[in-house]
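Colleague: Handing you a structure now.
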Amino acid sequence: MANVVVVGAQWGDEGKGKIVDWLSIEADIVVRFQGGHNAGHTLVIGNQVYKLALLPSGIVRLGKLSVIGNGVVVDPQHLVEEIAKLAAQGIEITPDNLKIAENVPLILGLHRELDAHRESSTVEGVKIGTTKRGIGPAYEDKVGRRAIRLMDLAEPDTLDEKIVRLLAHHEPLRRGLGLEPISAGAIRAELESLAPKILPFMDATWDLLENARRAGKRILFEGAQGALLDIDHGTYPFVTSSNTVAANAATGSGLGPKAIGYVLGIAKAYTTRVGGGPFPTELLDETGQLIGDRGHEYGVNTGRRRRCGWFDAVLVRQTVKTCGIDGIALTKLDILDGFKEIKVCVGYDLDGRRIDRLPASQSAQARVKPIYETIDGWEGTTAGARSWADLPAQAIKYVRRIEELIEAPVALLSTSPERADTILVHDPFRD
C-alpha cells in the first residue's frame, strides 16, 4: 500500500479537509507537514461541523494518530484554544492521539504583531494579503536560526539566552517600524504559561513516523494552502512562507523521499483565490459573484470573500508537474450546475504570443490574458452524486475534458461537503 500525500493544486481552499477526512478512514496516521494555523478547513461529519486550522484532520477520527511535523510553525496559544474548542465538541485530544515534532518553531506574540503591522502598511508591495497570524515572521526566524522551538520549553535554563538572540533581531526592527519595545521577561512569561499545556505532546516524530512506515502503517500527509502559494513555485511574492508542493511532505515530516507514495492533488471545478496576486481567469462580473455565492466562498479563518473565476487548466497542469501529482480529486462540481456554458482556460496570451505555462516573472504574470475553450453546461444536478450514473452526461464530458487538459486522471469526485457524496474512481491507498 502507498502512503498518500494530499496537496492543493490551486491557491488553497480546494476542499482538502473533506478529502483528507474521507481518506483518513483508511489511514493509521495523518501528518501536517507545513504551514500553520493560517489554513482553515471545515469538516462535516454527520450533524457535526468541525473547523480546524492547525490540527490534522485525522484528529476527529477515533483510533487515528495525528502528527504535526517539523515543517509546521505552531502558535502555542492557538493550539491550546483549538484543542479546547474540539474538546467542547466531544473530541478528546491527548498525547496518545496527537504528537508534535520537538523541533517545530513557535509563533509568538511579536510575530503576530509584526505580521499585522506589515499588512496594514500602505507602502506598495508590502501588503501581501496574509491572515496576520504571524506565519511569515515565524518562518523568517526559523531560516534566520533564531526561532524558539518547542524543545526549548523543556529546557528553561537555556531559554533566556535564546530569547536574547531572538530580540537582537526584533528590537531594532520594531524600533524602525515604530512598534513598542517588548521585554525578554514578557516573552518568557508567555512561554512559561503555555509550556505545561503543550509539552506533553512533544515527540521525536521523525523516528515515530519512520518506525510506523517500516511496520507497514498507512500514512496520510496533509498539505495546507495550495501549490500555487509555494514559496518557490507559486506566484511570488504573493505566496505563503513555506514549500507547499508534495516533495515537502518528506522534508516537513522528517522522512526520506521514498516515504512518499501516491500524490493526490485537490482542485475545484472552478478557481478561487484569497488576497492579492495574479489570477488570470478571475471573474469580476455577476458570474463570478454567482459562483462565490453558490460555493460559499469565504475564508474559514478570516471570513474574507474569495476571488472566483473559471477553471484554469494551465495552472493545474503546472502543479501536476511541480508536485508529481498522480491523480486529482475534483471538488465542488455541483456549483457549476445550471450554467448554460462553462469556460476553461487552455492557454495564455502574453503580449500577442500564446504560452502554455504561467511565467515566473511578476510583471509577465500580470499581463497574461486567458485563452478560453467553451464547454456546454448541464441542466441536471450533480449535487449529492455518488456514482458516475448519477451525473448528467455533459458533466462527465466536462470532467473528462479537464483530465485531458491537465494531463492527470480524476481519482475522486466530490459533489457536496458531505463525506459520503464522493465518487471514487481510484483509491490512492491501493496504488
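Every residue, even glycine, has its Cβ placed from backbone N, Cα and C.
According to Swiss-Prot, the GTP binding site annotation covers 12-18, 40-42, Arg306, 332-334, 414-416. The active site, proton acceptor feature in Swiss-Prot is assigned to Asp13. Swiss-Prot lists Asp13, Glu14, Gly15, Lys16, Asn38, Ala39, Gly40, His41, Thr131, Arg145, Gln225, Thr240, Arg304 with the feature IMP binding site. The Mg(2+) binding site feature in Swiss-Prot is assigned to Asp13, Gly40; the stated evidence is sequence analysis. The active site, proton donor feature in Swiss-Prot is assigned to His41; the stated evidence is sequence analysis. Taken from Swiss-Prot, the feature substrate binding site applies to Val300, Asn301, Thr302, Gly303, Arg304, Arg305, Arg306.
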Colleague: Could you round the CA separation between Leu333 (GTP binding site) and the residue listed as 'active site, proton acceptor' to a whole angstrom and send it over?
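Modeller: About 14 Å separates the two Cα atoms.
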Colleague: Which binding-site residues from the set Asn38, Gln225, Arg305 come within 10 angstroms of Gly12 (GTP binding site), judged by C-alpha positions?
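Modeller: Passing the 10 Å Cα cut: Gln225.
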Colleague: For the binding-site residues listed here (Asn38, Thr42, Thr131, Thr415), which one has the lowest count of neighbouring CB atoms within 10 Å of its own CB?
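Modeller: Fewest other Cβ atoms within 10 Å, among the binding-site residues Asn38, Thr42, Thr131, Thr415, is found for Thr42.
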Colleague: Just jot down the residues in the same chain as Arg305 (substrate binding site), at least 6 apart in sequence, with C-beta under 8 A of its C-beta; none if empty.
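Modeller: Listed in sequence order: Gly292, Glu297, Tyr298.
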Colleague: Once the DSSP letters are reduced so that anything not helix or strand counts as coil, what is Lys18 (GTP binding site)?
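Modeller: Where Lys18 (GTP binding site) sits, the three-state DSSP reduction gives helix.
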Colleague: So which recorded positions are near Gln225 (IMP binding site), with CA atoms within 10 Å, out of Asp13, Lys18, Arg306, Thr415?
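Modeller: So far as Cα distances go, the recorded positions lying within 10 Å of Gln225 (IMP binding site) are Asp13.
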Colleague: What is the number of other Cβ atoms found within 10 Å of the Cβ of Gly40 (IMP binding site)?
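Modeller: The Cβ of Gly40 (IMP binding site) has 19 Cβ neighbours within 10 Å.
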Colleague: Consider the binding-site residues Gly15, Lys18, Gly303 and say which one has the Cα lying nearest the Cα of Asn38 (IMP binding site).
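Modeller: Nearest candidate: Gly303.
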Colleague: Between the Cα atoms of Arg304 (IMP binding site) and Thr415 (GTP binding site), what distance do you get, rounded to the nearest Å?
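Modeller: Cα to Cα, Arg304 (IMP binding site) and Thr415 (GTP binding site) are separated by 24 Å.
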Colleague: Considering only the recorded positions Gly40, His41, Thr131, Gly303, Arg306, which fall within 10 Å of Lys18 (GTP binding site) when distances are taken between Cα atoms?
Modeller: His41
Colleague: Calculate the distance in Å between the alpha carbons (Cα) of Thr42 (GTP binding site) and Asp13 (active site, proton acceptor), and round it to a whole number.
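Modeller: Between the Cα atoms of Thr42 (GTP binding site) and Asp13 (active site, proton acceptor), the distance comes to 10 Å.
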Colleague: Largest pairwise Cα distance, Å, within the listed IMP binders Asp13, Glu14, Gly15, Lys16, Asn38, Ala39, Gly40, His41, Thr131, Arg145, Gln225, Thr240, Arg304?
Modeller: 34
Colleague: From the recorded positions Gly40, His41, Thr131, Gly303, Arg306, pick the residue whose C-alpha lies nearest to the C-alpha of Gly15 (GTP binding site).
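Modeller: Nearest candidate: His41.
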Colleague: So for Gly15 (GTP binding site), how many other CB atoms are inside 10 Å of its CB?
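Modeller: Around the Cβ of Gly15 (GTP binding site), 20 other Cβ atoms lie within 10 Å.
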